[in-house]
Structure formats: C-alpha cells, structure tokens
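Here is the structure we will look at, set down as structure tokens.
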Amino acid sequence: MGKKRGTGLGRSLQRQRGSERRGASSWLHASEVVGESGPERRSAVEQSPLEEFLATAELAGTRFVAERLNIQFVSAQSRTGLLTAQEAQHVRQLHEENRQFLRIPRRPYWDRTTSSEDLKQAERESFLEWRRQLAHLEEEKKLILTPFERNLEFWRQLWRVIERSDIVVQIVDARNPLLFRCQDLESYVKEVSNDKENMILINKADLLSEEQRAAWAQFFEKEGVKVVFWSALAECRRLSGEVKELDADSVADDLSDSEEESSSQEEDVTAEDSAESTSTGSALQTENQCLLSDDDSSDEYEDCEDEEEDDWQTCSEDEGGDKVNAIAPKSMENRTDIVSMHHVVQEQNRNVKNFSHLVQRNELLEIFKTLHSGPRVKDGEVNVGLVGYPNVGKSSTINTILGDKKVSVSATPGRTKHFQTLYVEPGLCLCDCPGLVMPSFVSTKAEMICSGILPIDQMRDHVPPISLVCQHIPRNILEATYGINIIRPREDEDPDRKPTAEELLTAYGYMRGFMTAHGQPDQPRSARYVLKDYVSGKLLYCHPPPGIDPDGFQHQHERCPESRTVQASGPVKPKKNTKAKQIENVVDKSFFHQENVRALMKGVRATMGYRPGSGLVSVPAPSAGSVVGKPWKKHGNRNKKEKVRRITKHLEN
C-alpha cells in the first residue's frame, strides 16, 4: 500500500484566493501594449487596398460586427434580373417625381452683339452644368438613364434646327412612343418661339392594330399634342408597287400595239405596210415621250444617287447665325396666297381630334403645309425640322417623302455630322437633324436592349433581356414562331407560368443546332437571334398608354398562332399537338419510361463454355446472333466515352 496523503486543505484555500483576486477590479492595464518593435512601428509607404481600408476604418473608429441569422429568401424572379411588381411600382413613382429634372441642354441667350467666342464659351458652360445635373440625378436618386448624346456639337445642330424650323416633328417608334418622346423638347420649342408648332410622327404604325392606334390617338389628344400615324417602309412598298404597275401597263400597251402592227402587215400591201409601220413607230415614240413627261410631272424625285451634295437645295449660315441664306429652286413660287387659302383648313385641323388611320405621302405633306398658321421664319416657305432617335426610321421617312435615297440609313448615331435642308417642293423644306439620343428614364438595362437603344451584339448578360421577352411574348406565340416545343412546367408549378430564359434558349438552340463544344445548347448565341427578332418586330409587343392593361392591349397575340405556317405552306390543316397542354411530371415519366427498366451486369459473361472459377461447363449451341467473341478480350470498353446528350436522349421526349 502506498503512503497516505493529506487532505490538501491549504491548496484549496490558495486556489480560492487566486480566483477572487483575478475577478476583482485592478488598476493594471487590461489591453495589450504593443512594443516598440511591434507592427505599428513599421513604415507604411505602400498598402494594399484591404490594408488601406482597414487602416482608415481603424482611424475613424469604425467597428465591424458579424451579422448572424440574416436570412433573405431570393425568389426565382429576382434571379432573372427583372423587377418585382412592388419594385416596378416604386421605380415608376420615382420617374414621375423626377420628371421635371429630365431636361435637354438649352442654348444660352445671344443676339447680334454677341461674339462667336463668347457664345461658344457660354454654350460650353451651360452644357457642363447640364451634365452635372444629370450625374447628380443618377447618383443621388439612384435612377437609370438611357445613354444620351455627350457631344456638344450635335446639340448645337439641334439648336439651329429648332431656330430655323416652323414645325418641329419628333419621330418615335409606335411600339413604345413614350420612351422615344421628349416632353422637354416640346417645351424648349415653345421657349424659343411661341409661333412654332410641335408634332409627333409615330413611325412603324403598321405594327399596331386599329384599336391600338385609336387608344394612342386619344391619349395624345388629352395631352394636347398633334400625332400622325405613319409607316415609312409600308409607304415605300406601296409607292414602288404603283411604279411597277405603271411599268407593267406600259409594257402591255407596247405589246398590244406590236400585235396590231403585225396583223396589219399581213392584211395590207407591202408599200402600205412600210408607211403604216413608219407612222406607228413615230406614234409610239410620241407616246413614250408623253409617258416620260407625265412621269416627270407626277414624280419630281427621280433616282439621283450620282448627284453631288452641292446639287441639293441646302441652307447655309454665317458665323453669327442671324441670317439664313437659302438656295431655293428657280421654279419656287410665292406661297402667300396658298397659305391664306389653307388658313381655314388649319383652324379645322386644330378642332378635329387625332385620327388613327395610316397616312400616305400626299396626306403627310398636306399636314406639313397646313399645320402652321403663325408668322414663319422665312416668308413664303414652311420649314419642317425632323428630330428623332436612331433606329426609329427618321432617315427612311425622309427618303420616302423625297422619293429618293437622299439620306444614308443607319442605326448608329453620328452618321449625319451637320444638319441639311432638303426641298420637297417649292415652299416646303425638310430640315434633317443628326440623330440624337436624348436622356430618358428606364427601369433596367434589359429594357434598353429590348428597345434597341443598346447594341445587342455587345451585351454581356443575356438572361435579363430574354426574361423580359418571355414576360412579354406568350408561350404559344414563341412556339408557333420558331416551331419549337418549350418544356412544360412541373407538377408542383403553375401550369400557366411564363417560360424561363433557359427553357426558351435551350429549345431554340436544339432546333437551330447552336451547340457548344460540350454538346450543350449555346444560349448566348441563341439569345442574340431572339433579341434581334424582338427588336425588328417579328416578336411583336406593343406598350399601351398609361392606364390600360398591357395584357388586354396585345390584340396581335389573340390571333391564330398557326397563321404563319398556313401562309407559308398553303391551306394545310395543322396537326393537333397533344403534348401542348400536358404538364410534365418528371418523377412519373422517369418511373414508367420503358427504356429505364434494364439490368446491369459487370464482369465476364459465360460464353463459349467459360465461366470464371468453374471451368468448362456445358452450354447450348449459340445462335449466330448470340456469339459475342472471346471472353478474355476487353470488348466492354467500346462506346465507353459517350456524350451526355446521347445517353440522356430518352429524357427529351
């Protein structure tokens, strides 16, 4: 047995006294004192961004506390880059509250005594202040503005066009007129002169139905703005069709005359024959000359692409800008009497409501002549200034009105460096302004891409704009347009939900054959094709006026989706798609699929009488189709590397 130990009462008392001493207050320092050789004695000439941030926070006395149980559920809609209903309502409210700050730059006051250098300096200062206001609006209010023109020279061209024009026409896209309309431009026109008139020309109006055009006409009527619905491409096709019909009629007349001439040659004598043919030839020549003269009188704008720019009727200005020298045509007449004749028509147009039908070229020119009633910038002449975004059809409108390609058509702003004036007829002059991108409010960048403001080929994230397309275009329209079958919603999802961007692009990529190197659908490439179809109008969505339900405004979505296939292949009865209304149940489909019921075995099979570990066994005579080969050969490695798409092909049905 060992030695008997004591009770250890003294040690327990010492431990108790030590614990009381540690818990009591003390005058000693409780914080760590950094020695002279510590890290704070080091020279800090260069610091990393993290070290600089931590040092600044330490000097400012900022403390960082870890946040726990900060759980936030992310909905499926937020992953698409789109706004929820509450967020969209909040953004629209902010847009309305800050609408008055969305202005265009003003030209400073000037007169005959203002020198050129003083005017340019004042313009630069005013433009710089305008840029600062927009930057403050984006930073402080957290609003998204469309890309706008930042070159002062283009705004100078706009100022000159407004000063020289009697009527300022804004050309907007019919699918979203409010996005391309600048209300502050209308206010600035009235600030320059109260005698000037504003008008909105809604281009691409053939994409709208009669009910949709009537709704927009009523909305702008309440706003007190004159609107005209116009389609440059449709009118150009109509005019070219009329020219072709005239050419066909002239060719038919020539053929009929030649047939009559040949029949007369068979009946008459040879001498009379020659005389009649000579007279007929002269008659044909005279008729052709009359036909050419009629064409020249009816259409004054023959194809003159080879003409130089100096041949156009252009206006030039001096350095001060107080004189307007125009090279008018020689045949220009005084329009004072004609203006007095149309004075009554102008008063009637002011009282008549906005009409909703598509106007033709002659009707549009008549509106230009009769809209302005006050004193004009130049006596006996109506100057119409055309202003608009790029890619809204401004150049196409000018070319259709003139009947010739006078202006280059381009979707890139900056093609036209200087404004130019083009005479349509004596007394009516079009003043073409360079394409300007004016500041406007948008909710997301996806909206700018779908509106054609941002280039599609330069986008980096394709999911938000494609998700916006899926929200606007119904599932059946997408399937009928591209001939695809988009995957159905699952059993636990809403059967009427919109397709996602991944579902649409996957189906489109499989159909077009746009695949990546790994055998998967190329979604970014497919997204560019779909977005270009949306911008061009193949996938049509029209924004309604404020206060109208967007879903009930889409009359074109109510049409039969098989109409395109019927027009392309004739009146063939389309096959009924039995899977269109089925809901995909992945569990049931995988369970009851017969291709999934299979048995797998690993190892060498008992063939040719060999079985591992049992030696030679009696095997019935194999048939010709069951002979596999030598069991010791590793033929099982064949087709080992299979593509995932080929293996899971049965899951796509």
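Any Cβ shown, glycine's included, is placed from N, Cα and C.
Since the structure is predicted, the reported quantities are computational estimates derived from the model, not experimental observations.
Range with Swiss-Prot annotation region 'Disordered', chosen from 93-125, 390-422, 621-653, is 621-653. All protein chains considered, the CB of D432 (GTP binding site) has 23 other CB atoms within 10 Å. For A205 (GTP binding site), the count of additional Cβ atoms within 10 Å of its Cβ stands at 25 [all protein chains shown]. P434 (GTP binding site) has a Cβ environment of 24 other Cβ atoms inside 10 Å. P434 (GTP binding site) carries neither a helix nor a strand DSSP state and counts as coil.
In the predicted model, residues of the domain 'CP-type G' (155-439) average a pLDDT of 69. Classification of K394 (GTP binding site) by DSSP places it within a helix.
Reduced to three states, the DSSP call for N203 (GTP binding site) is strand.
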